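Asks: As annotated by Swiss-Prot, Fe cation binding site applies to His121, His125, Asp315, with the evidence given as sequence analysis. What Swiss-Prot records for Leu143, Ala144, Ser145, Gly146, Gly147, Asp176, Gly189, Asn287 is substrate binding site, and it gives sequence analysis as the kind of evidence.
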Amino acid sequence: MTSEQALLVLGIETTCDETAAAVVERRADGSGRLLSNIVRSQTDEHAPFGGVVPEIAARAHVDVLDGIIAAAMNEAGVAFASLSGVAAAAGPGLIGGVIVGLTTAKAIALVHGTPLIAVNHLEAHALTPRLTDAVEFPYCLFLASGGHTQIVAVLGVGNYVRLGTTVDDAIGEAFDKIAKMLGLPYPGGPQVERAAEAGDPNRFAFPRPMLGRQDANFSLSGLKTAVRNEAGKLTPLDPQDINDLCAGFQAAVLESVADRLGAGLRLFKERFGPPKALVAAGGAAANQAIRRMLREVAAKVQTTLIVPPPSLCTDNGAMIAWAGAERLALGLTDTMDTAPRARWLLDANATAPAKFANTRAGF
């Protein structure tokens with residue numbers, strides 16, 4: 001399979017709490033077209049528990065995935081026999097869900113004699129801007145989601161260098177934990193963002209983690225503890241207390257992330273020259289305050305900011321299909337014995353920063 005022909009790829013995403021499928025076309029010139037994108041969120045199933053329950057997530061994927069795939073194929077007007085490839089997120093993620101999606105993709109590929117592409121979920125986020133904006137390599141990726149916060153040099157398909165990572169909580173995870181701590185509904189990230197809009201960001205003097213460091217790593221656990229301590233002093237919390245705590249927390253995150261991105265962009269330029277763009281991906285990139293901060297960071301270093309539409313920042317099948325198409329165009333396919341992976345580094349050579357070997361930064 002070469003890039004000199006158009007490719008139609010079905011993508012399947014089941015790594016967490018969205019069941020999704022999509023069909024994309026990758027044209028011979030490398031441009032892309034989204035033919036369908038069906039996403040079914042499991043928010044209602046997990047809301048009573050205040051977070052994602054892996055067993056419930058896996059069972060929900062089993063219940064609806066066939067219908068989601070059928071809807072995606074129908075909307076695209078594509079028959080299975082016309083597909084150039086079938087792509088599925090093979091990790092990282094909740095292993096039960098990953099198994100559901102990857103096994104389904106294998107079955108489709110076997111029945112129709114279609115190539116299988118096992119996609120790294122993080123690579124799919126990294127390559128999405130090439131579908132939406134045709135961005136050229138190399139670019140600097142800020143990946144911010146519930147499970148990951150990284151700064152990555154995207155040098156080509158399958159060629160990634162991690163410049164910075166969180167040593168504890170991911171940004172989306174921290175937002176969700178703050179929401180739960182303050183009694184806000186699940187999913188917590190949008191609730192914190194909404195409350196922050198009505199709050200005073202200057203009422204509380206929260207720390208700005210990792211500010212001024214030469215590396216490009218993140219840390220949010222200390223900030224989370226500071227919010228918990230202030231909330232404990234005010235219990236019971238009234239609505240304005242909650243708004244102000246959220247505003248102060250979000251302001252601290254924004255300042256810290258802006259500083260860390262500045263360091264990451266400096267490291268990128270030192271190693272690879274100026275990036276073609278600063279790209280943001282992952283669910284946290286749907287936060288409008290984060291988007292405003294990203295525009296300021298990009299303007300400061302005189303680079304272009306590219307952020308996919310919110311529906312393509314959160315988990316979706318289109319990003320899996322597109323990553324599959326990009327890999328298929330290079331002749332990269334996978335065998336039927338490809339294993340699902342709970343952990344899967346985007347940069348296979350990444351190592352934990354000094355003093356953080358036993359933290360999340362080691363993954």
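In case you wondered, yes, glycine gets a Cβ from its N, Cα and C as well.
Relative to the rest of the structure, where do these features sit?
Replies: Secondary structure from DSSP puts His121 (Fe cation binding site) in a helix. Counted within 10 Å of its Cβ, the other Cβ atoms near His121 (Fe cation binding site) come to 28, all protein chains included.
A helical conformation is recorded for Gly189 (substrate binding site) in the three-state DSSP classification.
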Asks: Could you round the CA separation between His121 (Fe cation binding site) and Gly146 (substrate binding site) to a whole angstrom and send it over?
Replies: 13
Asks: Given the Fe cation site residues His121, His125, Asp315, which other residues of that chain have a Cβ within 8 Å of the mean position of their Cβ atoms, reported in sequence order?
Replies: Glu13, Thr15, Ala89, Leu122, Ala124, Ser145, Ala281, Gly282, Asn316, Met319, Ile320
Asks: Would you identify the secondary structure of Asp176 (substrate binding site) according to DSSP, in three states?
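Replies: Where Asp176 (substrate binding site) sits, the three-state DSSP reduction gives helix.
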Asks: How many Å lie between the Cα of Gly146 (substrate binding site) and the Cα of Asp315 (Fe cation binding site)?
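Replies: Between the Cα atoms of Gly146 (substrate binding site) and Asp315 (Fe cation binding site), the distance comes to 10 Å.
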Asks: For Asn287 (substrate binding site), write down the residues of its own chain that are at least 6 apart in sequence and whose Cβ falls under 8 Å from its Cβ; none is a fine answer.
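Replies: Set apart from Asn287 (substrate binding site) by at least 6 residues yet with Cβ under 8 Å, we have Phe175, Gly189, Pro190, Glu193.
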